[in-house]
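Structure provided below as structure tokens; questions to follow.
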Amino acid sequence: MASQVSQMPSSSPLSSNKDEMRPKADFQPSIWGDFFLNCPDKNIDAETQKRHQQLKEEVRKMIVAPMANSTLKLAFIDSVQGLGVSYHFTKEIEDELENIYHNNNDAENDLYTTSLRFRLLREHGFHVSCDVFNKFKDEQGNFKSSVTSDVRGLLELYQASYLRVHGEDILDEAISFTSNHLSLAVASLDHPLSEEVSHALKQSIRRGLPRVEARHYLSVYQDIESHNKVLLEFAKIDFNMVQLLHRKELSEISRWWKDLDFQRKLPYARDRVVEGYFWISGVYFEPQYSLGRKMLTKVIAMASIVDDTYDSYATYEELIPYTNAIERWDIKCIDELPEYMKPSYKALLDVYEEMEQLVAEHGRQYRVEYAKNAMIRLAQSYLVEARWTLQNYKPSFEEFKANALPTCGYAMLAITSFVGMGDIVTPETFKWAANDPKIIQASTIICRFMDDVTEHKFKHRREDDCSAIECYMEEYGVTAQEAYDVFNKHVESAWKDVNQGFLKPTEMPTEVLNRSLNLARVMDVLYREGDGYTYVGKAAKGGITSLLIEPIAL
């Protein structure tokens, strides 16, 4: 188990007046009520399943079939990915892109093909130099004015730029250049290109959640004159099949959550199990990860309860035995806890015990030990924050950051996400993850810094809480906006680290790395315009509605 910190003495006396010391929490109830308790009483009929299988094989043949040129092949693969069905054809797509990578005739390609090729190859880990874009610059080093009229080319360059790594100045310039010109052009474009551009400016492909983006692209793709009817039909059926699976999972989780009765027992805590499921379905939506999705949703639900216990209700003197109990991970510790803490402590242990039982048949119990240790470290870092709040202690920014990165929970979620995966995950995966590799660090920075900016900008943090933005402003004598700009630069730098982590040879298989990429994507989607988890913003409501409530019309 992780080392204990709860025994560290506090230099500030503790008040015995619990009511005075108790933080004040005021979270809104769930907007979903019991809506997801019951799953629609329907299954995909045998005929539709058979059609799905037939279409799948047709699409597979199309992916590997020779095409007149690489542009057509790249565009088709891009559509397969954009419609959210590439998980069926991982090997075929990889093989085709490998061929395109080695048969390079990029000198003849226009801006559209050069950018599309760059993005798809980078997404799959191939080293493609950003120098391929130099031919679109003039002698002064600026992008040629002639490319500004090529809207589809600009759109692809814009999307490609989000795959940039450190030192690729031309792609930093490209984001600004393409954003400006696409914003100017969008009003004069015809549908569906206007919708593609408008949506891209709000959400890039690289940082969007694949299933959310697929739901949107389905509505756009069918209006593209040259769309592939077989691919479109397959993607629609597949979307509905996966949606039904997700609804069944969420119904099961909602029943578990309702039986815990935390809404009554712990009224101080956020009731966000539906939003938690949406978060985790962003980490992995594919059917083969059903078990992992259900386990990780329960973990994020319990982590949310633990967070609110530390942050929104418990006194510091109550948190010491609570942290001790989590560190010791023993149900016997329950007798040492205040009465209101007992249900959440028991539920926490039950979730991990169930996890152990579910993975035991494959001999994967060792994975759960890593997951427990990650949860223990999270609780320990919460206790440090609680001590700072009690003492009204203002740490230096670096001191704050060292503790704040673990409190965002992303290292814990990344490690726990591996528990429900298949044989691609090994003991080496967990050893690697436990050593805080760069890609997990990067997704954690994205989470922490986006959350910090959001909390300060939208005043989502209690006045007595220690704020990273306030720490930075005080230490460096800057305004709030200047602090936001610095934090956002850290986020952009972390995205470059994520992208770097996918370039071959990778430290771990792509499926392992995808968990950190998708965790970062969730933050970009949910937290760009406020805390979309706690306050259930437009992104969360819209995503949950389109992915879990509304099927695609066939």
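Positions of Cβ are set from backbone N, Cα and C atoms, glycine also.
Fair warning: this is a prediction, and the values are worked out from it, not measured in the lab.
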Between the candidate ranges 22-26, 92-96, 307-311, 507-511, where does Swiss-Prot place the motif 'DDXXD motif' annotation?
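In Swiss-Prot, residues 307-311 carry the label motif 'DDXXD motif'.
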What whole-number Å value do you get for the CA-CA distance of Asp307 (Mg(2+) 2 binding site) and Asp451 (Mg(2+) 3 binding site)?
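Approximately 14 Å lies between the Cα of Asp307 (Mg(2+) 2 binding site) and that of Asp451 (Mg(2+) 3 binding site).
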Under 8 Å Cβ-Cβ from Asp451 (Mg(2+) 3 binding site), six or more apart in the same chain: what's there?
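Looking at Cβ-Cβ distances below 8 Å from Asp451 (Mg(2+) 3 binding site), excluding near sequence neighbours, one finds Cys408, Met523, Tyr527, Asp531.
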Within the motif 'DDXXD motif' (307-311), what mean pLDDT does the predicted structure show?
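Average per-residue pLDDT within the motif 'DDXXD motif' (307-311): 95.
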Write out how many residues of the motif 'DDXXD motif' (307-311) are helix, how many strand and how many coil, based on DSSP.
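Helix (H, G, I), strand (E, B), coil: 5 helix, 0 strand, 0 coil.
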Please report how many Å separate the Cα atom of Glu455 (Mg(2+) 3 binding site) from that of Asp311 (Mg(2+) 2 binding site), as a whole number.
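Just about 14 Å between their Cα atoms.
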